[in-house]
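Heads up: the structure comes next, in structure tokens.
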Amino acid sequence: MTLGDPCSVEQPPPPPIDFSRSLIAPTAIKQESHLIPSTPGTPTAFQPPQHANTPIPGIQPNLFNPAIMAAQLNVFSNPQLMAMMQATRNPLLGHPSVVGPPMMPNIIQQLNALRNVQLSNANTMANLQNMSSSPKHTNGSSERSENCGELCVVCGDKASGRHYGAVSCEGCKGFFKRSIRKRIGYVCRSQKDCPVTKFHRNRCQYCRLRKCLSMGMRSESVQAERRPVNNSSMLCNNDNNQQNTTPEHLSPNLLLSLVKLEHETKLGGLEALIKPGSPVMLQNTQDYMDVKRESIGEDEMTVIGLVPPSASPTSSGVGSSSSISDDSGPIYTSERARFEISVPLNTQNPRNHQYISEITTRLLFLTVHFVKDSRVSLRTSTMEGLLKSKWCDLYILALMQTADKIKLGQLLDNLTNQMAMGMECGQYSAEKFEKISEQMQRLLQLSQLFASRELTAVEYAYLKMISFTAQDLPSSMASPETRSVNQMASQELFEYVSSSKSTQNHMSNEHINVDDSTSEDNDTHVTSQQSSVNIAAERFSRILQLLPCLRWFDPATIVEIFFSGLIGPMSIETIIPFVLQMNLMSFFDQKMELGSGGASDTLSTSSLSEMMNNQ
């Protein structure tokens with residue numbers, strides 16, 4: 001156009017573009033057409049036709065908004081991009097009637113690629129910022145956790161990890177394990193508030209154990225660790241290490257541990273013993289019912305396991321109904337009634353935990369051995385049932401008989417101190433501790449009562465047999481053979497009391513106090529025979545009056561006092577069948593004879609090996 005052209009009109013300057021609106025008004029579109037130079041008759045891709053405002057079917061006007069994209073991409077300062085975006089805002093660019101190169105897809109792809117790059121850069125920068133800040137936070141938390149686990153909560157030494165429920169060092173871990181496993185009782189010489197530090201932790205073991213428990217170390221974790229995972233592998237290891245093991249390395253509770261191990265492996269666990277009809281139980285019972293042990297007094301130096309069944313003069317068949325063996329004589333003599341226990345030489349202090357464990361173990365084995373090797377020939381099933389129901393009575397009588405030898409009073413005092421410490425640490429409730437203390441007091445009271453009666457070894461033996469065969473419990477087995485043995489034992493006890501020298505001495509000291517002047521009078525004269533019978537009857541009655549005192553005790557509490565740390569969750573009734581089947585003579589021949597110079601303070605390795613191999 002020229003200045004002389006009548007159609008030329010001076011155009012006002014275009015208003016600024018408003019990108020804040022999602023849709024552009026038609027007047028704005030007309031004004032936008034002046035931004036792009038054009039020549040008449042030459043349509044370009046950037047000059048929309050007159051019907052630009054007409055909506056085209058299938059085209060969404062809000063599909064591409066340059067204002068929003070410019071704000072997101074921050075490209076307001078770039079005029080080229082703004083022009084391209086303004087051009088792509090027209091939906092007719094992609095219409096087939098438009099002449100020109102199809103620039104719309106390329107522009108959209110470029111813008112999308114640019115937007116993706118900027119978003120990727122933004123995400124990368126955010127990740128870098130997170131990575132730069134997160135290691136510091138992680139390191140701080142890990143350092144705090146390491147700092148929390150570095151010190152032992154008991155003594156403050158460097159901790160090696162979490163042991164038995166608390167972060168502790170190796171020293172406190174080993175100390176706690178030894179104390180719980182061996183049930184060692186400690187006594188504080190101060191006010192039970194001794195400092196437990198890295199440098200003073202060994203001064204007071206009582207306060208150290210108390211602090212271990214108070215800081216969260218669990219004793220049940222130690223007990224669970226004692227149970228073997230694989231019994232067969234332990235048996236192989238025991239067989240390989242028996243030749244290299246010395247007697248001083250044997251633990252005090254090794255006897256009952258071997259019994260428990262043998263019980264779990266040979267008979268297939270507790271179920272085989274609980275079920276009397278199981279084939280394993282019947283097979284093992286049949287193997288041992290054909291063997292009758294010799295009595296103690298006939299040949300004590302002979303290992304019964306080496307004597308064939310036919311060589312024993314007192315052997316009887318399985319179906320034998322006789323209660324007493326065929327050889328003549330009483331059930332017990334002074335030789336057969338010997339009940340002797342050897343005290344460990346290196347642990348004779350009753351306050352030593354090893355002493356308590358060794359004494360209780362030997363006493364239980366010796367009691368079962370004493371009943372089994374008596375001259376009474378009871379069937380194996382009958383003897384097993386009687387021992388399961390009467391083991392507590394026999395064990396109490398054994399404690400009374402050996403009270404002076406094992407220092408029962410000091411032993412019970414030590415056990416009381418251990419129980420008191422356990423109650424303070426939460427192992428025992430107040431009610432349970434009171435019940436255990438009551439049973440211990442009754443043991444001391446009964447020991448004084450037995451000491452006043454001054455029973456001999458033969459009287460103790462007959463008292464055990466009478467109590468063993470007495471039908472004074474609801475679970476007692478009533479059979480003709482047990483009644484016959486009980487009657488025979490009672491009769492022989494009365495005969496022994498009548499003929500014993502102690503009764504005659506007692507009669508001469510107390511009852512034969514007749515003046516010479518009255519001896520001439522036949523009406524007031526008391527013959528020695530009548531006096532002897534009266535005194536024997538009185539002593540016999542006083543001996544039998546001791547049996548009801550055995551009902552003072554609860555078998556479960558006796559197990560808690562003496563055997564809780566030795567047999568664990570097992571019961572004495574479960575162990576008894578094993579003890580009956582074992583060759584116990586190898587333990588009590590030459591190894592446990594009282595007064596022999598070669599008596600060993602612990603059971604020898606050869607005896608333990610023989611027990612494992614003979615079963």
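The backbone N, Cα and C atoms fix where each Cβ goes, glycine too.
Ranges compared are 30-49, 310-329, 510-529, and Swiss-Prot records region 'Disordered' for 310-329. Within the listed segments 188-212, 213-237, 588-612, Swiss-Prot records zinc finger for the stretch 188-212. Across the zinc finger (188-212), DSSP classifies residues as 8 helix, 0 strand, 17 coil. Note on the zinc finger (152-172): DSSP counts are 3 helix, 7 strand, 11 coil. In the predicted model, the DNA-binding region (149-224) has a mean pLDDT of 87. Helix, strand and coil counts under DSSP for the DNA-binding region (149-224) come to 31 helix, 8 strand, 37 coil.
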